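Sequence annotations record features per position, and here Swiss-Prot assigns ATP binding site to 507, 508, 509, 510, 511, 512, 513, 514, 515, 529 based on sequence analysis. The feature compositional bias 'Low complexity' is assigned by Swiss-Prot to 21-35. Here Swiss-Prot flags 440-449 as compositional bias 'Acidic residues'. Per Swiss-Prot, the feature phosphoserine maps to 79, 150, 365, 768. Look at Swiss-Prot and you will find 1-35, 426-455 tagged as region 'Disordered'. As annotated by Swiss-Prot, region 'Regulatory region' applies to 100-493.
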């Protein structure tokens with residue numbers, strides 16, 4: 001900035017004054033938002049004196065920076081109070097330029113000057129004020145004033161939660177300024193109040209819609225509703241003469257002059273209170289057309305006189321829809337909107353529905369034909385519900401016949417075998433399905449008694465032999481079975497036990513119970529098999545009835561190689577099966593005591609085939625061919641025992657099922673229907689039995705029962721030693737064909753060389769087939 005070349009005092013004075021004004025205007029001062037801060041500003045007067053005045057900056061902006069925009073703050077101190085007489089400073093002409101230089105330096109350092117690139121001066125903050133012992137009294141709302149507008153809205157609008165740190169959610173709450181998820185919750189009281197408000201508003205709208213608003217220019221009245229001017233406040237109307245209706249509706253809800261309601265949805269913005277002035281939510285004042293009740297009529301409020309009467313012609317009564325009525329028998333009914341109406345009520349009088357006018361007057365009202373909903377109509381008569389029968393009593397319908405279920409052969413399936421390997425507590429017994437049939441053994445007695453008899457799937461037998469015959473056999477009689485005492489066994493055929501008997505010593509433990517020797521009163525010895533009923537559970541009675549019916553049929557079989565059944569008896573806890581007594585025991589006991597040669601094995605095999613041929617021809621399947629179930633008498637005659645009992649799975653204990661597994665055919669284990677137990681299954685068991693007699697060991701003797709089960713299922717044959725004769729090996733392998741259709745029948749096997757070899761001669765001349773050492 002150039003200095004003026006003019007040396008006159010007047011020009012120098014004017015120049016200094018202008019420079020001083022610019023310097024002061026570029027100076028800065030600081031204020032606090034909570035208190036007023038003032039400072040001394042130099043007021044220069046040239047050429048006389050330099051004085052100072054105090055300037056108040058209480059009107060400063062919140063930013064804390066005050067920039068004087070005019071030079072009015074620099075005033076000449078001509079008055080006596082602005083001068084400082086004791087501190088006057090004389091300014092010479094030589095020192096004036098020094099002052100100007102200082103002012104210019106100050107102007108260059110000012111941060112508010114344009115084009116200045118120097119760093120701004122340090123800002124005065126509250127910490128400096130405390131150091132300088134300046135008293136500072138912060139107000140209660142000082143913290144809120146310091147927050148700028150930019151801090152009201154966080155600059156971060158999205159957050160990512162990785163789930164690694166446990167404090168991520170807490171930091172988000174802290175960032176947005178809440179303490180936790182509870183700050184977002186709505187209190188139950190506020191929610192209930194809001195719901196009550198919405199419910200009351202919707203009820204009012206429903207009531208207004210139910211009225212015929214088109215026939216009249218208003219609805220029900222009785223309160224105050226504010227409407228229809230945008231520029232006026234609400235005005236309340238006293239409608240105490242309207243009665244106890246309690247509802248006021250404005251008809252001109254739009255800003256037009258028409259009194260009709262053009263938009264019922266505008267009612268959602270109103271809150272109607274009985275007898276009080278109500279303001280709508282939008283704050284818009286409207287002038288309603290109000291209807292009031294006067295002597296039973298709804299009329300305009302302007303037509304009601306001082307005494308409550310109606311001016312001019314009485315208007316017609318509004319037609320309120322029937323849907324708003326609640327009809328109560330014998331009294332006046334109020335509609336839902338609170339308006340009293342006198343409906344036509346029908347009451348029941350002497351069986352007729354008539355008008356409730358205090359009785360039937362004049363012409364009797366027509367009777368309504370109501371359908372007798374409390375009656376039940378039957379083809380042969382009318383039955384009145386819960387009031388007894390009037391008229392002809394209907395006939396009782398005959399129940400439909402019992403549905404016959406297809407017979408199912410459940411015992412011996414692979415599932416039953418697997419479950420029997422489990423402990424006793426884990427075994428789940430299967431219920432047997434049954435259907436009705438008749439007993440062919442005693443048809444005349446069944447016809448006389450007319451008792452329905454049942455056929456159980458467990459007792460169904462399907463066979464296939466040389467004649468391809470198949471038949472089913474009955475079991476028990478349904479409800480006609482009677483309890484037999486110990487002294488009166490069931491008589492089924494000749495040779496049965498008809499007198500009392502006594503149990504003797506134990507002979508052996510059979511597959512289905514213990515076998516004892518017994519004697520009758522006539523001195524006849526026989527064997528009795530004792531089966532415990534306690535082991536059969538809740539289905540013991542059904543199981544025993546099935547077994548009794550089966551034994552009744554087996555008792556009719558007569559063959560030298562078949563063990564004869566002689567009847568049954570039972571008491572409270574046991575079932576007794578009477579059998580033919582065989583003293584020498586089973587083949588299992590025999591080959592354990594003696595060494596049996598091939599010739600004797602061939603003889604026993606021929607007798608077994610004779611017995612199987614007879615059973616298959618009669619329609620029976622043994623199901624349990626093995627050495628333990630084949631008995632030998634004192635003459636060396638082989639007898640098949642325990643046949644037929646294996647069909648009743650309830651009588652099979654766990655031990656017998658494990659032992660029977662080693663002789664089972666693969667189709668029996670893998671079967672899915674009744675085709676598993678057919679005559680070829682007995683042929684497979686016969687081959688295992690011959691192998692057992694030849695080796696003195698049961699088949700699959702080196703395997704556990706479960707492992708043997710899977711071996712048989714996969715079709716793995718038992719080991720046949722090479723030490724056996726060729727005929728014996730060929731006979732065994734012929735019986736152990738995996739395909740049941742490839743196995744020969746019992747009749748065909750009787751022609752095999754293994755069973756047709758000649759019998760050895762006996763030195764004693766005995767005709768017994770048993771060869772003694």
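Any Cβ shown, glycine's included, is placed from N, Cα and C.
Predicted, not measured: the structure shown is a model, and the values here were computed from it.
All protein chains shown were included, and the count of other CB atoms within 10 Å of the CB of residue 509 (ATP binding site) stands at 12. For residue 507 (ATP binding site), the number of other Cβ atoms no farther than 10 Å from its own Cβ, over all displayed protein chains, is 18.
Long-range Cβ proximity for residue 515 (ATP binding site), meaning a same-chain Cβ under 8 A and a gap of 6 or more residues, is found for 506, 507, 508, 509, 527, 528, 529, 530, 579. Packing around residue 513 (ATP binding site) is summarised by its Cβ count: 22 other Cβ atoms lie within 10 angstroms of its Cβ, all protein chains included.
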